[in-house]
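Student: I grabbed these lines from TrEMBL:
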SIGNAL    1-26  signal peptide
TRANSMEM  221-243  transmembrane segment
TRANSMEM  289-314  transmembrane segment
TRANSMEM  334-352  transmembrane segment
TRANSMEM  372-393  transmembrane segment
TRANSMEM  413-433  transmembrane segment
TRANSMEM  454-481  transmembrane segment
TRANSMEM  493-519  transmembrane segment
TRANSMEM  531-550  transmembrane segment
TRANSMEM  562-591  transmembrane segment
Ligand SMILES: *[C@@H]1O[C@H](CO)[C@@H](O)[C@H](O)[C@H]1NC(C)=O
């Protein structure tokens with residue numbers, strides 16, 4: 001199964017290679033160099049340390065440009081790189097594989113008043129910059145301020161490069177030679193390079209970027225252990241309660257049936273209470289069926305999407321792709337999204353179809369509308385957020401402002417992959433899976449829903465239900481947020497997979513309890529309840545993100561705040577749909593199961 005998936009994804013990557021193209025320089029393509037080959041050092045982005053999404057092009061700071069004759073080329077970026085705001089340009093440093101370079105001048109400049117002001121404020125805002133050498137990232141600070149507040153800038157970069165055979169293995173950079181920033185100061189930017197043989201294997205060269213202490217922290221293990229225990233406990237509890245209660249219910253119904261027949265009165269039936277009462281209504285289509293089918297379809301798509309992306313990452317060493325590389329994760333998410341549109345179409349199409357026993361009973365134009373909703377809903381949401389963020393990014397002129405070519409590529413992927421796959425999925429879903437095979441007949445008249453006590457209000461049930469699934473994932477959320485907002489490479493995908501499975505089980509179990517509770521107060525709108533109950537997990541994650549923003553980060557400014565909440569909102573919306581779909585799956589299994597055990601006279 002996994003192998004097949006991998007092949008499909010690999011194929012899709014090949015197909016979309018024209019769209020998600022990457023032009024690699026010689027040597028960088030296969031990471032192999034012969035002695036004396038040019039090794040390119042790229043300058044990437046600069047920005048304040050605390051605002052990971054406020055990044056500008058390297059030369060937005062008034063650094064002098066490299067010496068004449070060395071062009072400042074711009075490398076064409078992959079989709080993922082562009083979305084992550086990478087902007088690589090040639091540094092003009094002349095590096096040859098295994099050839100040491102003594103201290104050499106790159107360029108000099110005389111600071112004008114304006115340049116001095118720009119550099120000084122960059123140092124005050126703790127600007128860092130990023131370089132890339134053979135896809136290995138290097139970070140450095142622009143300068144430093146001393147105790148008196150006087151700012152200085154580093155002008156010498158000492159590169160120490162490790163190599164093993166034909167490969168570059170590691171890069172160490174030290175910044176030296178602080179020069180006071182003041183008007184009229186003369187800055188000579190210099191570098192030196194030493195090559196040192198290394199014994200580290202090429203495949204392990206990214207290992208030093210992985211923060212084993214952080215991700216392998218006891219808390220991480222403990223939380224996973226805790227969540228697993230919770231799952232065991234919860235499953236036990238749910239099965240115990242439900243099986244006991246259901247057995248009692250069935251016994252009671254059987255007795256009432258007997259009693260009712262024995263006395264020959266209709267009273268037996270009217271005195272019944274509980275979930276059996278709504279048997280004529282539980283399989284009624286949920287309100288706003290089109291919208292609901294679309295949400296459910298997209299949620300199922302995300303369930304598959306996470307599996308594909310995480311599975312692809314775990315299989316990383318097998319196919320030689322590592323997410324530590326620039327933009328890999330984002331690219332794979334986009335490709336996986338486009339492919340899993342098939343799932344969205346299939347599930348939304350079949351879900352919608354099952355409420356119409358014969359094709360003629362379905363108003364002819366409605367299923368196409370459902371399909372369109374499935375195709376458009378999430379992209380439009382993302383587009384709105386991205387559009388807003390892009391305006392801000394353009395205003396600040398950061399590297400996160402999207403190029404027209406990126407927008408065009410994404411639109412092309414959506415148009416030529418997502419859209420057709422959703423249509424195909426819908427058609428298959430309607431014809432193969434959309435059967436109206438409910439165990440109970442639906443009454444022609446809808447039953448009125450009794451007004452229960454306050455604690456039976458569906459909104460309250462939904463809100464309370466989300467707490468447990470959130471409890472099972474919030475530690476992992478901390479690790480994910482930190483890797484996203486705090487410069488850490490997330491690499492513990494096996495943990496993530498485990499937590500994902502735990503989330504599935506916990507969501508399904510808690511939703512089943514919520515649905516049982518709701519049906520018992522004779523409210524039959526269980527489909528929306530199961531969606532909302534499980535989906536409310538995402539609401540708690542959003543609340544947690546506000547806490548994280550306020551307490552764990554030091555982000556400032558409109559741009560970073562907008563990016564933080566914009567991205568988090570999209571993430572939570574996706575999580576909402578994913579969890580919601582889980583809830584509906586659990587709820588449907590449960591409802592079908594209990595009502596098919598019921599004997600309706
Ligand atoms: C880079 O720095 C690390 C830690 O200081 C050291 O162990 C390693 O040998 C250095 N590598 C090179 C190529 O200088």
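Including glycine, each Cβ sits where the backbone N, Cα and C put it.
No curator has checked TrEMBL annotations; they are predicted automatically.
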Student: Do the transmembrane segment (493-519) and the transmembrane segment (372-393) share at least 3 Cβ pairs closer than 8 Å, excluding pairs fewer than 6 residues apart in sequence?
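Tutor: Contact between the transmembrane segment (493-519) and the transmembrane segment (372-393): absent.
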Student: For the transmembrane segment (562-591), could you work out the same-chain residues 6 or more beyond its ends whose Cβ comes under 8 Å from its Cβ atoms?
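Tutor: Apart from its flanks, the transmembrane segment (562-591) reaches 53-54, 282-283, 295-296, 298-300, 302-303, 306, 347, 378, 381-382, 385-386, 388-389, 392-393, 400, 466, 469, 484-485, 503-504, 507-509, 511-512, 515-516, 519, 526-527, 529-539, 541-542, 545, 549, 553, 555.
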Student: Are there 3 or more C-beta pairs under 8 Å linking the transmembrane segment (221-243) with the transmembrane segment (454-481), counting only pairs at least 6 apart in sequence?
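Tutor: Checked: the transmembrane segment (454-481) vs the transmembrane segment (221-243), in contact.
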Student: Out of 221-243, 372-393, 413-433, 531-550, which stretch touches the transmembrane segment (289-314) the most, going by CB pairs under 8 Å?
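Tutor: It is 372-393, which has the most Cβ pairs under 8 Å.
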